[in-house]
Amino acid sequence: MYSIAASSFFNPKLPKNLPFHNPNRPLFAIVRSSSVAQEIDKSSEGRKESVGLKGLEFPAIKVAKRVVLVRHGQSTWNAEGRIQGSSDFSVLTSKGESQAETSRQMLIDDSFDICFSSPLRRSKRTAEIIWGAREEEIITDSDMREIDLYSFQGLLKYEGKAKYGEAFRQWQIDAPNFIIDGHYPVRELWARAKSCWDKILVHESKSVLVVAHNAVNQALVATAIGLGTEYFRILLQSNCGVSVLDFTPQPEGGTPNICLNRLNQTPGSPVAGGSSAGRKTSKRVVLVCHGVSESDLEVCSRQWTVNRHIRLLDSHICDIKKAFRFLAPILFSMLASCSNCSLSFGYPYLLLSPFSALPSWKLKFVQSSMPYTGNGPLNMLGNIQAQKIAELLLDLKVNTVISGTKMASVETADTITKVQEAADCLGADCIPRYVETKQIPDLDVDASGLQNVSSGWLNRLEDDVTTSLWDQSGKSWKHLLYELSKGSDQDNVVIAVGHPALHIAIMGHCLNLTKEWLGSFHLNAGSISVIDFPDGPSGTGVIRCINYTAHLGRWSIPITRSTQADEEY
């Protein structure tokens with residue numbers, strides 16, 4: 001179904017029968033905190049289901065802001081296995097310099113307004129390499145230094161274990177409650193991360209680069225989306241890994257809407273490594289978002305056509321009736337070519353919100369279905385994406401590929417399976433390896449009530465839609481864990497191919513969150529997200545990366561994007 005959304009400087013009360021919009025819910029939901037607000041003064045009681053306690057407050061922003069986090073390249077103490085903490089004795093290795101150069105190339109076309117960096121040499125040098133010939137000065141901030149580990153700093157890991165015994169074991173298995181020299185390092189770090197965000201968000205900039213460290217970047221990501229210290233070592237940050245957070249202003253001011261657009265986009269393959277947070281892992285789930293389908297292209301084409309005509313009206317429409325008279329021939333023509341679409345005119349289909357400071361009306365097209373429906377076969381771009389995904393996954397020996405039943409998911413899974421089975425059989429006498437394939441309806445999504453419009457778009461859905469999505473994804477998550485548990489202690493890699501919305505919800509279940517966190521994550525078509533299980537399927541999942549797209553090359557989603565100058569409140 002198609003509808004028109006008219007945007008104005010005014011913000012009247014919305015009609016209750018507006019489709020797919022909950023009048024009792026703000027257009028953007030405020031991120032809730034799992035435990036950050038309470039844990040600075042109180043010990044964590046373990047990682048339970050997050051129930052949305054009072055969230056942290058962040059400074060209001062006037063325009064959309066994107067923050068790109070980068071961890072420094074490999075340092076001399078990284079290579080030695082020595083505990084660094086906030087000490088400043090290590091420097092980048094030649095490998096670390098090379099990693100930083102790769103990150104520079106990855107970000108070379110991005111127009112950052114400012115760069116913040118930790119003052120420690122390994123981080124500052126990485127920032128200088130990435131920043132390149134840009135004229136703006138790099139701002140160093142001591143709050144962005146690595147976690148303070150006090151007496152542990154400078155020790156090799158086996159020395160720490162031998163000298164501190166039980167304290168070192170607590171650091172490994174219960175970091176939030178780890179205490180040394182009278183300090184709780186992880187709790188102090190989370191408090192410092194909040195201070196960093198206050199400074200980043202009040203800075204007059206739209207695109208920000210932050211170059212820091214492993215632990216502090218984990219804390220920055222976690223505090224931004226409302227996760228407590230129990231998530232330390234759960235959201236990985238590899239050397240020169242890139243993470244992206246989008247901050248969108250609330251119309252009424254206050255804490256912005258925050259979405260993790262991607263996590264740990266690394267210079268190297270995210271699936272080649274065999275450890276998570278320094279721990280070996282043999283169990284892994286890879287969430288693959290299917291490629292773009294023919295039906296997706298048709299939807300995007302229709303949306304572009306209407307938007308193109310609406311832009312012509314931008315400075316001329318001051319009367320809704322005039323707008324309808326102008327658009328009616330276009331919309332009815334489009335309706336005639338779409339057997340599954342319907343069109344309605346009238347006030348209930350006008351969404352009024354502060355979109356521009358201009359007193360004149362602006363119209364924007366709102367599509368009532370998700371662009372990535374997956375209903376049709378893969379188009380040319382989708383086939384390229386599927387092939388690129390299959391090539392990336394050659395670093396893994398895949399045991400099982402599970403997909404939804406929709407055509408785009410099935411074709412993406414089929415491409416992965418064929419490449420996997422042929423990989424070990426290049427000789428004439430080889431017997432292809434068998435990869436088990438399955439199709440389950442729970443990995444499909446009914447896109448009739450969904451709109452993939454921007455980061456955090458799942459926040460805009462009605463409660464019944466999110467509840468249905470959440471319940472369905474819970475069944476899918478249990479199915480994936482069951483597949484992962486098959487066999488003995490041998491390596492087991494399960495690939496799940498499905499819709500981005502379903503995979504976002506699956507990651508929520510992995511993190512023991514609730515449906516209120518759905519808008520805190522974003523996935524693109526053709527992306528992969530990796531979850532490791534160092535303690536097996538019954539243990540805690542560790543997120544190695546989210547929305548990884550570097551494998552797509554020229555067809556990938558850029559790390560950053562231009563901010564919209566007119567989104568100011």
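The backbone N, Cα and C atoms fix where each Cβ goes, glycine too.
Under the heading active site, tele-phosphohistidine intermediate, TrEMBL lists H72. Summarising the annotation, TrEMBL assigns active site, proton donor/acceptor to E146. Taken from TrEMBL, the feature substrate binding site covers R71, H72, G73, Q74, S75, T76, W77, N78, R122, K157.
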Between R71 (substrate binding site) and the residue listed as 'active site, proton donor/acceptor', how far is it from one CA atom to the other, in Å?
10
Extent of the substrate binding site in Å [max Cα distance among R71, H72, G73, Q74, S75, T76, W77, N78, R122, K157]:
21
On a count of neighbouring CB atoms within 10 A, which of the recorded positions R71, H72, R122 is highest?
H72
Counting other Cβ atoms within 10 Å of each Cβ, which of the recorded positions G73, S75, W77, E146 scores lowest?
W77
Nearest-integer angstrom distance between the alpha carbons (Cα) of G73 (substrate binding site) and E146 (active site, proton donor/acceptor):
14
Can you tell me how far the Cα of R122 (substrate binding site) sits from the Cα of H72 (active site, tele-phosphohistidine intermediate), in Å?
6
Distance between H72 (active site, tele-phosphohistidine intermediate) and E146 (active site, proton donor/acceptor) at the Cα atoms, whole Å?
11
About how far apart, in whole Å, are the alpha carbons (Cα) of W77 (substrate binding site) and E146 (active site, proton donor/acceptor)?
13
Using C-alpha atoms only, work out the spacing between E146 (active site, proton donor/acceptor) and S75 (substrate binding site) and round it to an integer in Å.
13
